[in-house]
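In what follows, a structure is listed as structure tokens, so that the remarks can point back to it.
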Amino acid sequence: MEPGNNTHISKFLLLGLSEVPELQPLIFGLFLSMYLITVFGNLLIILAISSDPHLHTPMYFFLSNLSFVDICFTSTTIPKMLQNVQIQSKVITYEGCIVQMHFYILFAGLDDILLTVMAYDRFMAICYPLHYTVTMNAQLCRWLVLVSWIISGLNSLLHSLMILRVSFCSDLEIHHFFCEIKQLIQLACSDSFLNNAVLYFGSGILGGVPLAGIIYSYSKIVSSICGISSAQRKYKAFSTCASHLLVVSLFYFTCLGVYLSSADTQSSEASAIASVMYTVVTPMLNPFIYSLRNKGVKRALKRFLGMEIFNRPICPWTEETPM
């Protein structure tokens, strides 16, 4: 079949997670619940941190940015899915699909890089505690977040421009609940070798380099913790990293599982279901993981919700920064 011009493509069909009509109300209710929990949970984390001056530290600054990115990440994909289920439609416009893909890559990349920045912050706090407050100053923290946005923005822009150069034929069915770039490339009628090369190269750089940085940071952290003589100080040092390490594990293991899978149709359907873990479940769990395991965040949440009145100031540097 001759490839068509992109200007003639007006829509794609998002097949979603299941085509069984009886399951659509269940899927709608489940994803609506998870989306609302994600938005309100992460928004609550942001408001609690911003309202408590004791949490205006690098660790919580990065956490609030991660919560904001998680809200945007889920808002890129789930609302359109909910709309399609509600109106019993599978259609997404060509322009809407490209825009959704662009912002999905942007916020997924930001999640990836911010998790690495947070690992670096914990590395400095535990391995170099005497230099921590000087090194992790407000200006550096802002620059780290800004650079994260720039890198992820350039990556998503490159992928968007690359997908605009390919042509699509009549088979416009996407076996996913959002416009995932790998599936779009598979639908291309024109030569997509360059697109695949850029996709895997970019995934290797933005996935491999941050992961290597996280592994290196935590290898040094574990080494430093093992060198602490006091059991109480060991526990305190480990507790500041446990939440972040759990979030990193959820994000990376599910991402690697999806993108290392084969590209046939059956695998694509399985990948769509597996991708729910890092596109929906992980952003939803982040507020619970950080709030339940972090005393500073729990106190801030109680104070923000009016459940507790503090009679004395709390110093987060001595409590959250071990050693």
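Glycine is treated like the rest: Cβ placed from N, Cα and C.
What TrEMBL records for this protein:
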{"type": "TRANSMEM", "residues": "26-47", "note": "transmembrane segment"}
{"type": "DOMAIN", "residues": "41-290", "note": "domain 'G-protein coupled receptors family 1 profile'"}
{"type": "TRANSMEM", "residues": "59-78", "note": "transmembrane segment"}
{"type": "TRANSMEM", "residues": "98-120", "note": "transmembrane segment"}
{"type": "TRANSMEM", "residues": "140-158", "note": "transmembrane segment"}
{"type": "TRANSMEM", "residues": "197-216", "note": "transmembrane segment"}
{"type": "TRANSMEM", "residues": "237-260", "note": "transmembrane segment"}
{"type": "TRANSMEM", "residues": "272-292", "note": "transmembrane segment"}
Counting Cβ pairs under 8 Å that are 6 or more apart in sequence, does the total for the transmembrane segment (98-120) and the transmembrane segment (197-216) reach three or more? yes
The domain 'G-protein coupled receptors family 1 profile' (41-290): mean pLDDT? 87
Is the transmembrane segment (197-216) packed against any residues at least 6 beyond its ends, judged by a Cβ distance under 8 Å, and which are they? 109, 112-113, 115-116, 119-120, 151-152, 155, 158-159, 162, 181-182, 185, 248, 252, 255-256, 259
